[in-house]
Amino acid sequence: MRVKFCVLVSWVTLTVKYDAKCQQRHLLESDFYKLRLEQEVTMETARDGWDSKVEYFLAQVGFSVGLGNVWRFPYLCHQNGGGAFILLYVLLMVLVGVPLFFLELAAGQSIRQGSIGVWRHISPKLVGIGYSSCVVCFFVALYYNVIIGWSIFYLGSSFKYRLPWETCPTEGNGTVKECAASSPTEYFWYRKALDITDSIDETGEFNPIITGCLLAAWVIVCLAMYKGIKSTGKVMYFSSVFPYVVLLCFLIRGVTLDGASEGIKFMFYPRLEIWADVQVWRQAATQVFFALGLGFGSVIAYSSYNPRNNNCHRDAFTVSGVNLMTSVLATLVVFAVLGFRAKTIATECVKRNMKAAFEALSSTPFPDLLINASDVENMTLNEYEHWYRTRGQQLNISGYNITACSLEEELKQGTGLAFIAFTEAMTLFPGSPFWSALFFLMLLNLGLSTMFGTMAGILTPLTDTFKTLRNHKFLFTACSCAVGFLIGLMFTQRCGNYFVAMFDDYSATLPLIIVVIFQTFSVAWVYGADRFLEDLKLMLDRPVPVVYKYMWKYVCPVAMLGLLGASLLKMILERPTYIAWNREKASKEDLPYPGWALAVLSMLIVVAFLPVPIGFIHSLLLERLGQSPADAEAGYMPCATTDTDQTPLDTLPPSAGDPSSFSPLLEENQDTHLQNGHIEHFQSSAV
C-alpha cells in the first residue's frame, strides 16, 4: 500500500512538473510570438536615416541653393538697388527666413514624419497643409525639370569647337534676318532651342530635342531617388559640391577680365531710396521665401530622417548662411562676367559711332564734334557718355543713328540671364566651349539637387502616410516620374516656355505663402509656442532662445500676411502678362494673358490651396461621426518610428525553432528604438 502511495505521489509530482514545463513553454512561446510581432511592427515602420551628418547637410544646402541663386538673385539685386537690396534681403532673412526655417527643421526632426504626418500630429484638422505642400511640389517639379532639360540641351551643344550661338547662321547669300535683327544668343535660344511661337495662343508641335532632354532629366531623377535618401545622399556629394567648384573657377577667371570691376561696382552700389518701394520689399521677401524652400515640405522631409538629438537650431543658421553666401558669390561671378560683356559691347558701340561720325565729318561739313573721333582706341566710356549727352545726341547723320552705348543698359538683364546673356559672355572667353560646358554642367547639378528635394517633398509624406506606397517605394517613385514626364510634355510644345513662366509665377507663390501662414499659426497658436519651445528643449537637451516665441507668434505671421496682401494687390491691380518673342520684329514684348490662360493660372492657385479647407472639413465630418479623435486627444507627440532601414543583427527576432535565442535587448522592460544603426532607449511618454 505504501509502495502504491509513493508511486502515486511520484506520478502526480511528475505530472505537475510536466504541466508546469508545458505551461512555461507555452508562455515562452506566447511571449516569443508577441515580441516577434512587436519587432515586425518596428521593422515595418522603420524609416531610413542619413548615413552621416555630411549627407544631410549637403542635401539641405543642395535643395535650398538652386538655379534661383545664380540667375534670379543677381537680377533682382541689380533691378532693386544693388547693395541696398542685399541689406534688405539679409534683414528679412534674419527676421523671417531663419525662424520659419528653424520651425520646419524642428517639426520634422521631432515628429519624424513628412509634411502630412507632421501637421496631422499637431491637429488632424490641419492635415490638408501637408497635402497642399505635396501639390505645390508636384507643380514645381513639372516645370523645374524642364529647365534641367534645357541645361542638358545646352550642355550637349557646348561640345563643339565653335559654340553654335557664337555667330548667326546664313540663309542663301546673307544672314538669317531674325538673327541679324537680334543677336546670335537670342536667336539660338528662341529659335533653335525653343522654336518658340509668337504667343501662348499658338501651341505648335512638340519639340523633339527638348522632349528627349526632358525624358533624360526624369530618368536621372528616378535613378537618384529610387532608394530614397540612401541613394540621394550619395549623389549629393557631387551635385551639391560641384557647383561651388565651378563658381570659384568662374570667379577667378571673371575678376581678371577687363570690365569686371565696373560690373561689380555697378552691382553693389547701394541705392537706399528703393527701400521706400513696397514692391521691392515684396520681391525681397519672396526671394527669401523661395531661397530657403519654405512650405514645400522638403525641409521637413529631410530633417525627419535625423536623430532626435541633432542640433537643428545650428543647422538653421548654417544652411541659411551658406545660402546667403552662395547668392552673393553667384552675384559676384555673374556681374564680373557681365561687366566684361557689357564693356566689350559698349566699346564696340563707341567704335561704330565714332567711325560713322568721323566719316560723316570728312564728307559733309559738320560743326566741331568737340572730341577726337580718330583716336577711338584711347577713348573711355565716360568720355564718350559725356560727349553723347552734350553733343552726340544732337547730331543728325543721314542713314545712321548715334546711340548712347551705355554700360548700364548693357548690364540690365532679366530672367534670360543664364541662357542668353551669360552664354553670350562666354563666347568672348578663350576656350569658350570648355567654359560653356562647365557652366551648364553646374546649372544641371544645381537643378538636380533642388529637384531631389522637391521630389522628397512629394514621396516622403505620401509613403509615410500610406502603407501600400511604402511597401512599393520603387514602383511609386518610377510611376511618379513617369506621370511627371507625361504631364511635362505640355512644356515641350513650341509655346511651352510661356507655360513654364505661368507655372513659375502663379502655381507656387500664393499657395506656398498661404501654406506657411497656416504652418506658423498651427505651431504658434494651435499647439502653442511655449509648448513647442519646451519640446525642443527636451529634444535638443538645451534651451532655445525665447525670442522665437515672438517671432513665430507675431513677426512672421504679420510679414507673411503683408507679403500675401501685396501679391494679391499686384494681381488684382495689374492684369497678368507674359514676355513673348515676336519673330517678325525679332524682339521681346509684353502680352496680356488671354481669358483661358487666366482661368488656367487661377485654377493652379485654387487646386494648390484646396487641400487645406478640404482636410479641415473632412476632419470635422469624421469627428461628428465619431471616427476621428478630438484635437485634444490627438495632441502632438513624436512619431514612434526608427531612423534606420536595416536592423542590426543583435536585435533581430530569434528563430522560430529556438525561443531561447532571444537577444537580451528584447528582454529589457523598456521601449527600444534604433537610431542610425545605434540603440536608443527612452521611456514612452506623450508630450
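These residue numbers are counts, starting from 1, taken along the chain as shown.
Placement of Cβ uses the backbone N, Cα and C atoms for every residue, glycine included.
Because TrEMBL annotations are produced automatically, they should be read as predictions rather than curated entries.
Marked as Na(+) binding site by TrEMBL: G62, V65, N69, N323, L446. There are 29 other Cβ atoms within 10 Å of the Cβ belonging to L446 (Na(+) binding site).
According to TrEMBL, the feature compositional bias 'Low complexity' maps to 641-654.
Annotation comment: TrEMBL describes 636-666 as region 'Disordered'.
When Cβ-Cβ distances below 8 Å are used as the criterion, the transmembrane segment (84-107) is approached by residues 76-77, 118, 122, 268, 270-272, 274-275, 280-281, 284-285, 287-289, 291-292, 294, 299-300, 303, 312-313, 315-317, 319-320, 324, 327-328, 516, 519-520, 523, 532, 536, 539, 548, 551-552, 555-556, 559-560 of the same chain, each at least six residues removed from its ends. Annotation comment: TrEMBL describes 84-107 (among others) as transmembrane segment.
What TrEMBL lists as transmembrane segment is 128-155 (among others).
The feature transmembrane segment is assigned by TrEMBL to 209-229 (among others).
Positions annotated as transmembrane segment by TrEMBL: 241-260 (among others).
Sequence-remote contacts of a segment are chain residues at least 6 beyond its ends whose Cβ falls under 8 Å from one of its Cβ atoms, and for the transmembrane segment (280-305) they are 47-50, 56, 59-60, 63-64, 68-69, 72-73, 76, 80-81, 85, 88-89, 92-93, 96-97, 100-101, 104-109, 111-115, 118, 130, 133-134, 136-137, 140, 229, 274, 312, 315, 319-320, 323, 327, 450, 453-454, 456-458, 460-461, 464, 508-509, 512-513, 515-516, 519, 559, 562-563, 566-567, 570, 643. What TrEMBL records for 280-305 (among others) is transmembrane segment.
For 317-338 (among others), the entry in TrEMBL reads transmembrane segment.
The annotation transmembrane segment is assigned in TrEMBL to 434-462 (among others). A Cβ distance under 8 Å defines the sequence-distant neighbours of the transmembrane segment (434-462), meaning residues of its chain 6+ beyond its ends; these are 59-60, 62-67, 69-70, 113-117, 130, 133-134, 137-138, 140-141, 144-145, 147-148, 151-152, 154-155, 158-159, 163, 217, 220-221, 224-225, 228-229, 232, 235-236, 238-240, 242-243, 246-247, 249-250, 253, 293, 296-302, 304, 418, 422-423, 426, 469, 473, 476-477, 480.
Counting residues 6+ beyond its ends, the transmembrane segment (474-492) has Cβ neighbours under 8 Å at 138, 141-143, 145-146, 149, 206-207, 210-211, 214-215, 218-219, 221-222, 225-227, 455, 458-459, 462-463, 499-500 in the same chain. The transmembrane segment annotation in TrEMBL covers 474-492 (among others).
Annotation comment: TrEMBL describes 512-533 (among others) as transmembrane segment.
For 554-573 (among others), the entry in TrEMBL reads transmembrane segment. Counting same-chain residues at least six beyond the ends of the transmembrane segment (554-573), those with a Cβ under 8 angstroms from any Cβ of the stretch are 92, 95-96, 99-100, 278-279, 281-282, 285-286, 289, 509-510, 513-514, 516-517, 520-521, 524.
Annotation comment: TrEMBL describes 593-617 (among others) as transmembrane segment.
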- prompt: Which residues of the same chain, at least 6 past either end of the transmembrane segment (512-533), have a Cβ under 8 Å from a Cβ in it?
  reply: 100, 103-104, 106-107, 119, 122-123, 126, 129, 132-133, 136, 289-290, 294-296, 544, 546, 548-549, 552-553, 556-557, 560-561, 563-564, 567, 609, 612, 631, 636, 687
Nonlocal neighbours by CB distance (under 8 Å) for G62 (Na(+) binding site), same chain, sequence gap 6 or more: M236, S239, S240, S449, T450, F452, G453
Message: Can you tell me which recorded stretch out of 128-155, 241-260, 317-338 has the most Cβ pairs within less than 8 Å of the transmembrane segment (593-617)?
response: 128-155
Task: Please give the sequence-distant neighbours of the transmembrane segment (241-260): residues at least 6 beyond its ends with Cβ less than 8 Å from one of its Cβ atoms.
output: 58, 65, 326, 329-330, 332-333, 336-337, 339-344, 429, 435, 438-439, 441-442, 445-446
Field: Under 8 Å by Cβ from N323 (Na(+) binding site), counting only residues of that chain that are 6 or more apart
entry: V61, S64, V65, N69, A291, L292
- prompt: Can you count the other CB atoms that lie within 10 A of the CB of N69 (Na(+) binding site)?
  reply: 24
